[in-house]
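What follows is a short report on a single structure.
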């Protein structure tokens, strides 16, 4: 919620006050519904991934996450009818097979954690394809900063009830940490600002390459963590 609040605020400042890019209005109801869907799916992917970490080791979580390009290629085909070269699809088969093998031999395997992790992975892939449509489609094209401006407040509205339900004492904890640790507020601000930069970069990569390229790029740090 802090990250999405920072994204909304910094996007607004960058567009309205600094005028880094022109403000683009939402053109239609279907476009708004796609942006709202993107926000909800984004929240689901992040929350689902965090929940799975309570039940699965980080290394196995990242191994399952390595199947994101497979889901991305699948969603891209069904949503945009975009077909990749057969070599691309063939290269994804060993990744999926490896996760199946790893699941059978993982001593810390937990079914609920696995389902949440796989759901978060599929949601992340769906989000990438949908944001690619919003950033590149001729009828609905938005620049990266405007998409972040519209997506973030909706995500905040989705996350506020989740925070109140799942973390009912969160305000007390934050205030307590703020008193105990001198630089807590500064670190939270830096962390949220970096999240804005990461999300904006995410959109820019998708716009100028493709959703599949974005997800393959994520495999590099994940592979380093696994090994």
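Our numbering is plain: 1 for the first residue shown, then up by one each step along the chain.
A Cβ is built for glycine as well, from the same backbone N, Cα and C atoms used for every other residue.
Looking at 32-49, 86-103, the range tied to transmembrane segment in TrEMBL is 86-103. Of the candidate ranges 147-165, 166-184, TrEMBL annotates residues 147-165 with the feature transmembrane segment.
Which of 185-205, 206-226 counts as transmembrane segment depends on TrEMBL, and there it is 185-205. Among the ranges 109-126, 127-144, the one that TrEMBL lists as transmembrane segment is 109-126.
Between the transmembrane segment (59-79) and the stretches 6-23, 109-126, 147-165, Cβ pairs under 8 Å are most numerous for 109-126.
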